[in-house]
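**Q** Handing you a structure now.
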Amino acid sequence: MPNGFAHTDMPASSAFAAGDAPQEGRRLHIVLFEPEIPQNTGNIARTCAVVGATLHLVEPMGFRLTERNLKRAGCDYWDEVDVVRHSCAEEFLERHAGCELHFFTGHTQRLYTDVEYGAGGADAYLVFGRESRGIDPFILDAHQDACVRIPMRDGLRSLNLSNAVAVGAYEVVRQWQELR
């Protein structure tokens, strides 16, 4: 069993470092509030591995992080991903109060490209909601100034979650001029 699988039954509010030790300097964090589909989470884990981002999984999730589910998701990169689990959205928000959070939603006018991520050398946290409903409205209301959207044609619901994460992550990579 790969190293990343060995830690999948850890309690929420715990971390396992599947890749190297934490990097110095600013870091990209991808946060998934209550993900529902293991295949999306597997794709997102692969994106995190490729760009060197930490993946935060916020409970409850619509699936268990088991070897079977991870294999089904087709992600063979779990050994290369730093994953942190959180018991609930409130716990994550309390733990990261004062951090640079960016909430991706269709309920704002501010474009994700209009943000300077990691200003002043801070870590950047890109926060995404569950596939079926997005981020809870009370969370968006409390963080209106930190909400951003990916533009798309009217009348369509949303991008696939893993695609939206990749769009946001690569904007940060572009701005930080990483991976050249």
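Note: Cβ is positioned from N, Cα and C throughout, glycine not excepted.
For Gly129, Ile150, Ser158, the entry in TrEMBL reads S-adenosyl-L-methionine binding site. If you look up TrEMBL, you'll see 28-170 marked as domain 'tRNA/rRNA methyltransferase SpoU type'.
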**Q** Can you give me the residues near the recorded S-adenosyl-L-methionine site, meaning same chain, not Gly129, Ile150, Ser158 themselves, Cβ no more than 8 Å from the center of the site's Cβ atoms?
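**A** Same chain, not in Gly129, Ile150, Ser158, Cβ within 8 Å: Phe104, Thr105, Gly106, Phe128, Gly134, Arg149, Leu159, Leu161, Ala164.
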**Q** Of the residues named as S-adenosyl-L-methionine binders, Gly129, Ile150, Ser158, how far apart in Å are the Cα atoms of the most distant pair?
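**A** Those residues reach a largest Cα separation of 14 Å.
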**Q** Let me know how many other Cβ atoms fall within 10 Å of the Cβ of Gly129 (S-adenosyl-L-methionine binding site).
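**A** A 10 Å sphere around the Cβ of Gly129 (S-adenosyl-L-methionine binding site) contains 24 other Cβ atoms.
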**Q** For Gly129 (S-adenosyl-L-methionine binding site), name the DSSP secondary structure in the helix/strand/coil scheme.
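**A** Looking at the DSSP assignment, Gly129 (S-adenosyl-L-methionine binding site) belongs to neither helix nor strand, so coil.
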**Q** To see if you understand the setup: which same-chain residues, six or more apart in sequence, place their Cβ under 8 Å from that of Ile150 (S-adenosyl-L-methionine binding site)?
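**A** Long-range Cβ contacts: Phe104, Leu111, Tyr112, Leu159, Ala164, Val167, Gly168.
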